[in-house]
Amino acid sequence: MADRYFPNEMPDFVEEQEGAVAQSTLHSLLCLPYAKLADKFLRAALDLKEKVVKETWLRNGRRIKDYTLYTGALGTAFLLFKAYQVTNNPSDLSLCGEIIRACDSVSAGSRHVTFICGRAGVCALGAVVAKHAGDNVLLNHFLSSFRESPVAKEIILDGKRLSNKGSCPLMYEWHGKKYWGAAHGLAGIMHVLMDMELKPEDKECIKGTLSYMINHRFPSGNFPSSQGSNSDRLVHWCHGAPGVALTLIKAAQVFQDDQILGAAEEAAKVVWSRGLLKRVGICHGISGNTYVFLSLYRLTGRVEYLYRAKAFACFLLDRANQLIADGRMHSGDRPYSMFEGQGGMAHLFLDMIRPSESRFPAYEL
């Protein structure tokens, strides 16, 4: 199992201190006053952004091979929009809009409707960017692609049907498996439903489902990847403690429940211990796992969670490039994409500049 992650040898906490005697370049980053560290994150993020644009857009001759947010050109647009939000550089907004328009053309008529792997992401990001650009014609074009429908109600009903009055109030299948994770399982579905207007009895179904998950987690605090799995090895956003933790953090806010928050914090301990994955990305890498600590920091205000986010991000800033070059770390099958590769790392670095405003891309609102 340890071959999936690097041992976390970083101190549980390091005080920020200018000119402190550091044991390593990583330790020196952890000691830096936050304003100076934020400058380093910004420079690294902007350099990475240029590299991502070159590899995913310019090198392809501005042609779209994969339009999705997950591994394609829309992820590059998402990164450019994040950079625009941080730096207010109009060139980033302009290029973002150019890529979205190309994605819009390629995805028209697509049967894939999800946000990260389908047309919904194109329309949603397109509407936001058009609004910022003051293009009302394009804004209305993207908004017209959405049709109001009782989606949340149908999701609840489907969950009840598959649960069949079992001990878990809601249950879902994907490719014949009852997944628990954030990408296509219980945690992700509960997370989205908590953003909807729901009847009180439907809210209780969500809370009951999360309680079921908490009660059936592994003794370590990690969560199974699917119903009935006994394999306590995956610590990813897509499968395992990180994605479930983000959902529990949201549930702790929605339900004002300290027990749910406690379970989220237990999951965060798993991430701290086993979450320095040998991958850089958002979906199943260090970048995505860092957002557990950022989310807990925003909710609790506790500085130790900001430190842990900083520690994971500094590990990437200090070591990722060399580890990838040495073949000891995987940069993703699509190495510059948002969810698998270095596009996600750049997004994390931008979020580290103002951590109180950070959000897991395309997941946290």
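Placed from the backbone N, Cα and C atoms, the Cβ positions cover glycine too.
The Zn(2+) binding site feature in TrEMBL is assigned to Cys238, Cys283, His284. Cβ neighbours of Cys238 (Zn(2+) binding site) (same chain, under 8 Å, six or more residues apart in sequence): Gly181, Ala182, Ala183, His184, Cys283, His284.
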What is the total of other Cβ atoms whose distance to the Cβ of His284 (Zn(2+) binding site) is within 10 Å? 26
Give me the sequence-ordered set of same-chain residues, not including Cys238, Cys283, His284, with a C-beta within 8 angstroms of the centroid of the Zn(2+) site's C-beta atoms. Ala183, His236, Trp237, His239, Gly281, Ile282, Gly285, Gly288, Phe339, Glu340
